[in-house]
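Here is what Swiss-Prot says about this protein:
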- GLY170, ASP171, LYS172, GLN173, THR174, GLY175, LYS176, THR177: ATP binding site (BINDING)
- SER363: site 'Required for activity' (SITE)
Amino acid sequence: MSQLKLEEISSVIEEKIKNFELDCDMAEVGKVVSYADGVAKIYGLNGVMSYEVLEFETGDKGVAANLEEDSVGVIVFGFGNNIKEGTSVKRTKSLMKVPVGDAVVGRVLNALGEPIDGKGEIETNEFSLIEQKAPGIMDRKSVHEPLQTGIKAIDALVPIGRGQRELIIGDKQTGKTTVAIDTIINQKGQNVICIYVAIGQKESTVAQVVRKLEEYGAMEYSVVVNASASDSAAMQYLAPYAGVAMGEYFRDHARHALIIYDDLSKHAVAYREISLILRRPPGREAFPGDVFYIHSRLLERAAKVCDEKGAGSLTALPIVETQAGDVSAYIPTNIISITDGQIFLETDLFYSGIRPAINVGLSVSRVGGAAQIKATKQVSGTLRLDLAQYRELQAFTQFASDLDEASKKQLERGQRMVEVLKQAPYSPLPIEKQVVIIYAGAKGFLDSVSVKKVVDFEERLYPFLEAKYPQVLEEIHIKKALDKDLEAMLKKALEEFKLTYSE
């Protein structure tokens, strides 16, 4: 039996020591002290950052929301059914990010940026933090380009500009989502990426929205971020921030984007739920004190960026649901004060057949007027006042039957203008056609048409113009203003159509 020499043994040991790799993975680990309703209390993570992503040994993830002296309050993304007392948690040392860029366009994602449409993984190397600082004053430019919704009542009376925040507010079932979807459909060919964030909606409602967008070919330039009613409060709270991070990518790359939050009332409720579980002190309507801040920091990220930064824009259309038309409730007043105007939809108008049910008196656009094209300004300059006078006269006629001729004429024209502003859902109208029909109503071309036939008159007018006077629509589209020659041509076209039109 051969004996091993001492030198051989030492050389083998030396070789082993040389090849030994000290692969030590340092991780800061804590333990779950308590877990209830999607919020975990963790002990032992002293160096954790605010809103840092944490990993549970069960595979669940969450973000650190409450940083206390001896513990950390963590919002868990899913329902965390396997998390229990004693479960270990480790830091990732990274804040929450979502995929951004063209790879997400045409997809349906959850609040974490994960695809839920069954079309495979999102292949991108571009990610963005969901919490970003809004552009400062010097990085912004005043709103001056129109963002047309295709809805006559909005584009004429409460115009929206690129980079604006315009609130859509009203009771449930008044057509708020329809206004938003119409606006998305109308962005076709305008090089605007649209992001629809569904917060606390029914899965069936979101599926219907996606179907509508696909039907009108709008999904090609849209992203849907969904945190439905069946998702946890954490997912509903994070969804708008994930959506705006995707929109900011386009804004910062000299492109234009539109984001719709449907709706921020449910977002506030989700945040209230999380805050109460985290034992934060409740305030008015049991909302935490910083509920204003969560919405202001979200909506301030919508902006028109200055030329030096690429002149991109992100326009926001937040939706808020009111209870019995009460716009003076906590969340509605908060968001009205943050936004640059509101479109107020009314139940009474909706049920009386005026759709979209926009209350022209209460709706306002604080900055959009500068973005309106000249042609629309020319034809709708006195429209708001005319409609207000019509409503006043209408109320007066309920008590007095005898009216002078001028008042009767005003009442008749007002009725026709209300008909002109009616519009079927999912049928946005190009701005040049809007200019034509509002001009026809304002200049008295509809005075001899019966009120019931105004919609029919409008439907037959467009094919007539396209066939016989295509240059009228083309010139309004190109010039974006009505000069004397163009107005004369439009008058001639309308007079000729009136002769051929029979009710």
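In case you wondered, yes, glycine gets a Cβ from its N, Cα and C as well.
LYS172 (ATP binding site) falls outside any helix or strand according to DSSP and counts as coil.
Shown are the recorded positions THR174, THR177, SER363; the one with the most C-beta atoms within 10 angstroms of its own C-beta is THR174.
Note on GLY170 (ATP binding site): other Cβ atoms within 10 Å of its Cβ, all shown chains, come to 28. SER363 (site 'Required for activity') and GLY170 (ATP binding site) have their C-alpha atoms 11 Å apart, to the nearest angstrom. Listed in sequence order, the residues of the same chain lying 6 or more apart from GLN173 (ATP binding site) and placing their CB within less than 8 Å of its CB are THR347, PHE350. Cβ proximity to the ATP site centre (mean Cβ of GLY170, ASP171, LYS172, GLN173, THR174, GLY175, LYS176, THR177, cutoff 8 Å) flags the following additional same-chain residues: GLU321, LEU345, THR347, PHE350, ALA357. DSSP classifies SER363 (site 'Required for activity') as coil under the three-state reduction.
The binding-site residues LYS172, LYS176 differ in how many other CB atoms lie within 10 Å of their CB, and the one with the most is LYS176. Annotation for GLY175 (ATP binding site): spatial neighbours LEU345, PHE350, ARG355, PRO356, ALA357, PRO425, criterion Cβ-Cβ under 8 Å with sequence separation of six or more.
In sequence order, GLU321, THR322, GLN323, ALA324, GLY325, LEU345, GLU346, THR347 are the residues of the chain that are 6 or more apart from ASP171 (ATP binding site) and have a CB within less than 8 Å of its CB.
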